[in-house]
Amino acid sequence: VSSSKAETLLPTGKTAYDTYPTWLKFHVGINRYELYPRQDPLLPTLLRDLATQRIVSSGTTSLPPLSTPLPHCLLPASLIAMCLLSVQKSGGTQLKLIMTFPNYGQALFKPMKQTRDQETPIDFFYFSDFERHNAEIAAFHLDRILDFRRIPPVSGRLVNITKEIRDITTDKKLAKTFFISPAGNVCFYGECSYYCSTEHALCGKPDQLEGSMAALLPDKTLAKRRSWRSPWRRSYHKSKKAEWELNPNYCAGVRETPPYDRGHRLLDLIDMTILDFLMGNMDRHHYETFEKFGNDTFLLHLDNGRGFGTHTRDELSILAPLQQCCSIKKSTYLRLQLLATQPYRLSDLLREALATDPLAPILAEPHLRALDRRLGKVLVMVGHCLAG
């Protein structure tokens with residue numbers, strides 16, 4: 001845990017930590033076990049900042065480094081460092097922007113691509129689906145209700161395309177993609193691997209656009225992250241299957257492979273599997289950890305935009321790690337049992353949490369009902385493991 005709060009008092013009677021903006025306090029509080037504590041007093045303020053702070057810059061990259069460094073950020077040893085560095089967020093399969101605020105905080109903006117009630121067509125492959133801004137918002141709250149706290153805070157926000165993106169962007173490539181549609185709406189499409197063309201343009205009404213604003217993690221030059229390929233990664237091929245889909249004893253090999261051969265890494269991955277199943281996310285090919293904390297640390301649950309795409313189907317293959325390994329954390333199992341009881345029903349808790357978001361309602365009711373149904377299937381699967 002950061003030692004910043006133990007600093008000597010300033011002449012004002014405050015510590016240096018007290019003077020930090022909320023996003024910086026969030027960075028400082030990241031530790032080996034979680035992104036933020038269960039009862040985090042900073043969370044409401046951070047979510048409000050994401051939804052209301054004035055946007056001073058937008059684009060696929062952040063502002064250039066400050067000439068005078070600020071005391072902050074997650075760093076080795078003390079978790080406190082000096083500097084605010086630029087963050088590259090280019091590429092990716094779909095468009096996302098980095099928004100910068102006056103207090104130097106930054107957020108990842110994913111714009112709305114479809115309405116709440118649009119389901120993924122049944123003939124779509126998981127890797128060709130749209131990302132959803134409301135899925136990012138709902139995933140954050142679901143992760144928190146499950147007591148994982150491994151997704152950075154996310155808030156919905158209504159953005160003015162003209163004033164808060166087009167007129168202030170420093171990204172020349174992005175600036176070239178703005179146009180006025182035949183209906184008189186302001187549109188843009190940016191640059192990305194897929195869905196960045198005039199046919200897939202993002203248009204306002206006439207220039208108001210919904211999106212999710214996720215708090216950025218500390219810059220990778222300060223808090224290095226390691227990317228891990230999931231052992232249960234899908235083939236991302238239209239006809240080929242992955243090994244785990246063909247070998248029912250696949251988990252035995254995983255258990256003998258580092259880092260899954262010791263510690264709680266495999267159980268953490270099964271936690272992530274349960275989160276993905278509940279929201280129907282089939283697109284979890286990699287995950288990340290903070291290098292500083294080694295192998296005995298939590299997994300970051302990032303990029304959840306392909307969740308909540310359908311409420312009529314439950315993709316049981318997402319639960320393959322749980323089914324094949326028949327392992328689950330006791331704390332997770334007890335939490336799931338609690339969320340299946342009437343006073344703490346998962347759908348009710350998530351509905352209540354999402355009601356506070358500026359873009360509420362975030363999920364259509366059928367998606368909330370699907371959560372309870374899927375939770376029941378997880379508990380049945382664990383029951384079969386216990387009985388076996």
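Cβ atoms here come from the backbone N, Cα and C positions, even for glycine.
Model, not experiment: these values are computed from the prediction.
The annotation ATP binding site is assigned in TrEMBL to Gln94, Lys110, Glu131, Ala214, Ala215, Leu216, Leu217, Glu288, Asp303. If you look up TrEMBL, you'll see Glu131, Asp303 marked as Mn(2+) binding site. What TrEMBL records for 178-386 is domain 'FAM20 C-terminal'. The active site feature in TrEMBL is assigned to Asp283.
Neighbour density for Leu217 (ATP binding site): within 10 A of its CB lie 22 other CB atoms from the protein chains shown. Each residue contributes its Cα atom, and for the residue listed as 'active site' and Glu131 (ATP binding site) these two points are 10 Å apart. Computed over the domain 'FAM20 C-terminal' (178-386), the whole-number mean pLDDT of the model equals 95. Remark: Ala215 (ATP binding site) has Trp23, Phe26, Leu46, Leu50, Gly105, Ala107, Pro152, Pro153, Val154 as non-local neighbours, by Cβ distance under 8 Å and separation of at least 6 in sequence. Cβ packing within 10 Å was compared across the recorded positions Glu131, Asp283, and the lowest neighbour count falls to Asp283. With the fewest other Cβ atoms inside 10 Å of its Cβ, the least crowded of the binding-site residues Gln94, Asp303 in this structure is Gln94.
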